[in-house]
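S.K.: Pasting a structure here, questions to come.
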Amino acid sequence: MKLFTCKQIAGIDQLTMKLEPVLSIDLMERASFQIADWVIKNINHDWQIYLFAGPGNNGGDALAVARMLAWSNLKCTVYRIDFGRELKGDPVINWQRLEEQNQVILRKIDSEDSIPEIPVDAIVIDGLFGSGLNKPLDGLAKEIVKQINRSGATIISIDIPSGLFGEDNSKNDLSAIIKADHTLTFQFPKLSFLFPENCEFVGDWTVLPIGLHPNAIEQTETPYHFLTKKFISGKIKPREKFSHKGTFGHALLIAGSYGKMGASVLASQACLRSGVGLLTSHVPQSGYEIIQNSVPEAMTSIDPSETVFSEVPDISRYSAIGIGPGLDKKQETQQALKALLQAKPSKLVIDADALNILSENQDWYDLLPENAILTPHPKEFERLAGASFNSFERLQKQLQFSAKYKVIVVCKGAHSCITLPDGKVFFNSTGNPGMATGGSGDVLTGIILGLLAQNYSAEDATLIGVYLHGMAGDLAATEIGEYSLIAGDLISHLGKAFLQLE
Ligand SMILES: NC(=O)C1=CN([C@@H]2O[C@H](COP(=O)(O)OP(=O)(O)OC[C@H]3O[C@@H](n4cnc5c(N)ncnc54)[C@H](O)[C@@H]3O)[C@@H](O)[C@H]2O)[C@H](O)CC1
Ligand SMILES: [K+]
């Protein structure tokens with residue numbers, strides 16, 4: 001699914017009106033109906049509803065929603081913010097329709113004294129500001145936001161929490177943003193919803209389709225995408241009847257050191273469960289029995305060192321290489337990593353300690369082969385590319401890094417963010433907090449390696465791998481919950497995840 005900036009969404013609105021064609025007031029009615037329908041289905045009808053309407057179309061939506069909720073006999077009071085300016089356009093029509101309907105109490109807020117006290121068992125519907133916000137909220141609007149946030153009431157935001165920008169909130173006043181429990185957003189999640197620091201404002205979010213025109217969406221170019229099941233399913237290649245293990249490639253995994261062999265075991269198992277034909281796990285001597293016992297399906301390549309990775313094996317036999325989980329950062333390992341990069345493997349996924357070694361040797365970045373896949377978590381990315389003030393800034397750094405070194409970067413987290421050298425950005429839609437557990441990243445490395453070895457392109461291996469990893473986590477969580485989820489559960493649910501994508 002494409003993701004757009006608020007400005008682009010306004011353009012898609014306009015195009016929809018022209019192409020469908022539909023009047024703006026009717027599009028507003030359609031959007032508002034979706035909100036009202038959700039509210040009617042999801043809230044306790046005995047509760048008082050406080051609707052807050054701002055001066056623009058977001059306020060217009062709130063006014064229409066109030067009328068629709070009153071049809072269902074919900075108890076509504078509308079508070080319209082009055083800056084002393086005339087209402088314009090569709091909000092005026094919806095104000096008049098409300099007055100004519102005469103079933104909703106109408107109030108204006110024109111000073112701090114007229115901001116209502118909101119009981120804790122009320123529902124607040126926040127239609128103060130939407131995607132047309134042009135500067136941080138201040139004055140009366142900020143006071144209303146603070147009062148709503150203080151109330152403890154259940155807050156439902158229309159389209160976007162009032163005060164939050166759809167993209168960059170670096171210069172926003174964080175004390176002037178609604179902290180919604182639910183955000184009901186029109187057609188597309190906004191980019192800022194996907195950044196962890198905005199979770200306290202956005203709450204749970206739901207996308208409500210409002211029938212924006214497919215051609216308008218198609219015509220509007222964007223680098224931003226949200227991964228969907230349909231998109232990923234379309235990338236999975238069926239396994240042909242006459243295939244054999246050679247068809248699915250031979251992966252080399254360089255992982256594990258004395259005391260950290262679990263990383264090698266997990267990544268190896270995940271790689272095998274991702275459909276690879278053959279896997280060779282390169283381990284130090286002390287890891288030999290461990291890997292043979294834990295992953296009998298894997299072949300082994302034994303390092304001369306007793307404890308760490310110290311020497312690159314002959315890489316010519318392998319279709320793809322994964323390196324990093326559990327490696328440690330010993331001097332000999334650092335030099336061996338450098339030698340591997342100098343050998344220019346054509347398909348490479350780099351994780352964990354291999355990334356940490358790289359960040360301590362930044363002059364090696366130029367050795368990174370084109371389309372290498374780097375899978376840092378935010379801390380590892382910070383070591384690679386420097387600290388960022390927030391996720392939006394980090395995304396800009398990530399894009400620069402991908403473009404400069406021609407590599408794919410996966411910044412792992414809720415909605416893991418993937419950047420490609422050509423500037424495209426993909427946010428993942430699968431996964432849950434149960435996956436924030438040791439070894440989860442090793443599993444991802446194994447999955448991506450397995451897909452790479454099967455000759456998926458670096459881009460596809462990354463997108464499929466990230467999506468599958470999260471999906472396996474979601475399937476595991478439905479069975480055992482998020483608390484007890486461990487990395488091994490991701491591996492045991494990979495098969496079911498693949499089945500869902502067929
Ligand atoms: N996306 C869709 O397909 C549809 C969206 N709808 C709704 O429309 C809003 C966007 O409406 P818009 O009128 O452009 O913007 P706002 O309502 O957010 O507010 C604009 C209004 O407020 C003034 N303003 C902006 N920033 C501030 C500020 N910091 N302080 C004070 N005043 C401010 C600005 O000058 C304008 O007057 C979208 O979110 C949806 O809710 C349609 O209803 C249906 C289609
Ligand atoms: K809003």
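Cβ atoms here come from the backbone N, Cα and C positions, even for glycine.
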S.K.: Starting from the AMP binding annotation in TrEMBL that includes LYS412, GLY413, ALA414, HIS415, SER416, which of GLY434, GLY438, GLY439, GLY441 is the extra site residue?
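M.R.: The record-listed residue among the candidates is GLY441.
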S.K.: Of ASN42, ASN44, ASN57, ASN58, which one shares the K(+) site with ASP126, SER162 in TrEMBL?
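M.R.: Matched candidate out of ASN42, ASN44, ASN57, ASN58, per TrEMBL for K(+) with ASP126, SER162: ASN58.
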S.K.: Specify the count of other C-beta atoms within 10 Å of the C-beta of GLY413 (AMP binding site).
M.R.: 18
S.K.: Measuring Cβ to any atom of ligand 2 with a strict under-6 Å cutoff, which of the binding-site residues GLY60, ALA414, SER416 qualify?
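M.R.: So the answer is none.
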S.K.: Can you tell me whether DSSP puts ALA414 (AMP binding site) in helix, strand or coil?
M.R.: coil
S.K.: Measuring Cβ to any atom of ligand 1 with a strict under-6 Å cutoff, which of the binding-site residues ASN57, ASP159, LYS412 qualify?
M.R.: ASN57, ASP159
S.K.: Can you check which residues sit near GLY60 ((6S)-NADPHX binding site), meaning Cβ under 8 Å from its Cβ, same chain, 6 or more apart in sequence, and list them in order?
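M.R.: Listed in sequence order, they are MET28, ALA53, GLY89, ASP90, PRO91, ILE93, ASN94, GLY127.
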S.K.: Rank aside, I only need the closest one: which of the binding-site residues ASN57, ASP126, ASN134, SER162, HIS377 has its C-alpha nearest to that of HIS415 (AMP binding site)?
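M.R.: Comparing Cα positions, the candidate nearest HIS415 (AMP binding site) turns out to be HIS377.
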S.K.: Around SER162 (K(+) binding site), how many other C-beta atoms are within 10 angstroms of its C-beta?
M.R.: 29
S.K.: Calculate the per-residue pLDDT averaged over the domain 'YjeF C-terminal' (228-501) and state the result as an integer.
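M.R.: It averages 97.
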